[in-house]
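Structure record follows, encoded as structure tokens.
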Amino acid sequence: MLLLGLALFLVLVVMAIQYESLLNPIIILLSVPFAAIGVAMGVYWLNLPLSMPIWLGTIMLVGIVVNNAILLVNYIELERLKTANLTEAIIAAVRLRLRPILMTTLSTVMGMLPLAIGFGEGSEMLQPLAIAVVWGLSFSMLVSLMLVPLVYHLFHAIKDRNNPKVIIG
């Protein structure tokens, strides 16, 4: 649990330095709890005990889920440079990044599926890790594709309302 908290903190620090702000990193990290919910659902439904491989899979999952959200937020930021309308920028970015996010997520899930099912000699040791990654990534992808743009719109609409840009020309 401590390592998971440390991983989240380090991811937040790196993103805060990169973005020079806390707003976008917080939006990005909001997708992580949904990965944890997916892991919890998989552990519960498959009646698995909490073990070290599940925690390792959850820590791995933080990096994967954050990567998907970073892709989305970065493209929203790029689209905002092209258009003044926040909603149009978000829709354009989601249209542009939906297929790559789905492809990378599905390839990761499909790559982990044989291990999660338990094919092969010695796979029972790493099976809980794969189950955590498959369930967490699947659930968080479905939620994050809707949640990240929605929260981005909400936070940035409030920010833009409080800090209007002055156009001199």
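Here the Cβ of each residue, glycine as well, is placed from N, Cα and C on the backbone.
According to TrEMBL, the protein carries these features:
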TRANSMEM  26-47  transmembrane segment
TRANSMEM  54-76  transmembrane segment
TRANSMEM  96-117  transmembrane segment
TRANSMEM  129-155  transmembrane segment
Mind pulling out the one from 26-47, 54-76, 96-117 with the most Cβ pairs under 8 angstroms to the transmembrane segment (129-155)?
26-47
Where else in the chain does the transmembrane segment (54-76) make close Cβ contacts, counting only residues six or more beyond its ends and a cut-off under 8 Å?
1, 3-4, 7-8, 11, 15, 24, 27-32, 34-36, 39, 43, 48, 89-90, 93-94, 96-97, 100-101, 104-105, 108, 128-133, 136-137, 140-141, 144-145, 148-149, 152
Using a Cβ cut-off under 8 Å, which residues of the same chain at least 6 positions beyond either end of the transmembrane segment (96-117) come close to it?
64, 68, 71-72, 75, 79, 123, 126-127, 129-131, 133-134, 137-138, 141, 145
